[in-house]
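According to TrEMBL, the protein has these features:
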- LYS182: active site (ACT_SITE)
- 15-173: domain '6-phosphogluconate dehydrogenase NADP-binding' (DOMAIN)
- 176-298: domain '3-hydroxyisobutyrate dehydrogenase-like NAD-binding' (DOMAIN)
Amino acid sequence: METPYPNPISPTKTRIGWIGIGVMGAAMATRLLSAGYSVTIYARSPSKALDLQSKGALLVNSVLELAQTSDIVFTMVGHPSDVRQNVLDDNGILQGLNPGGVIVDTTSSHPALARNIFTAARAKGCWAVDAPVSGGDIGARDGKLAIFGGGDEGVVNWLLPLFEVLGKVTYVGEAGCGQSCKIANQIPISANLMGLSEGLMFAERAGLDTKKFLEAVRGGAAGSMAMELFGERMIGRDFRPGGYAEYMVKDLGMAVDIVEEGEDERVVVLPGAALIKQLFSAMVANGDGKFGSQGLISVIERLNGK
């Protein structure tokens with residue numbers, strides 16, 4: 001094996017594996033293919049892999065086969081349970097990955113699980129980086145994701161040639177810190193989405209043109225990346241997902257609900273995040289969990305009888 005850590009990453013030598021080809025994962029894998037990297041993918045529903053195959057990706061039949069033929073394996077799946085299954089279970093990534101190989105989990109997952117995966121990887125002579133992302137489907141498509149890197153700093157820096165194709169990485173600390181950073185990231189994002197939803201609802205009821213309202217306030221203190229990404233989508237009722245609303249329930253839940261054994265000192269009282277989690281939970285209860293997070297405005301509209 002020539003290419004796993006710490007040998008330099010190269011499009012002509014480094015073999016990339018990718019698990020999770022939904023909206024975000026497919027866009028990220030496409031960028032690596034466009035940059036000239038060899039990308040092998042696994043999909044539970046092979047028909048969903050056709051677009052990536054047309055762009056040069058190789059489809060394999062199992063996670064184990066993917067790991068055995070990859071130097072670096074990225075995961076972008078739905079929930080911590082999916083991460084655990086793909087990485088730690090029998091016939092998972094760690095069973096097949098060769099020594100020196102690296103796992104990069106870009107899923108929004110639990111910090112404790114990231115630490116467990118890091119420990120398990122090191123025991124096998126491999127490495128693991130938790131590198132969740134922010135920026136939605138547009139950021140994934142355009143290579144402008146914010147990437148939160150946790151794990152060994154040397155490994156995160158070694159991965160820069162790949163991260164730079166996807167966006168901008170910031171090293172935030174040891175294993176698990178990337179996931180903690182993503183959870184913290186979701187709190188102001190969700191608060192911005194709630195404020196934007198309520199602002200649009202108020203502006204509409206006040207008789208304002210909502211597009212002119214956005215134009216008026218976006219350059220002031222009320223402006224935000226959430227407004228730039230989602231404001232016009234909200235007005236146009238475009239709820240196509242970059243990230244599902246049900247995933248926001250998961251992410252905020254990790255902030256306000258989950259207490260790991262022996263980690264009581266990490267618990268923080270977050271009344272705002274708890275309230276917004278309930279609003280996203282109402283989206284799911286209304287059958288809108290597969291909407292994008294900008295669909296939060298639908299809950300505010302329901303509360304106002306619209």
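Cβ from N, Cα, C; glycine included.
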Averaged pLDDT, computed only over the residues in the domain '3-hydroxyisobutyrate dehydrogenase-like NAD-binding' (176-298): 93
Number of helical, extended and coil residues in the domain '3-hydroxyisobutyrate dehydrogenase-like NAD-binding' (176-298), per DSSP: 84 helix, 2 strand, 37 coil
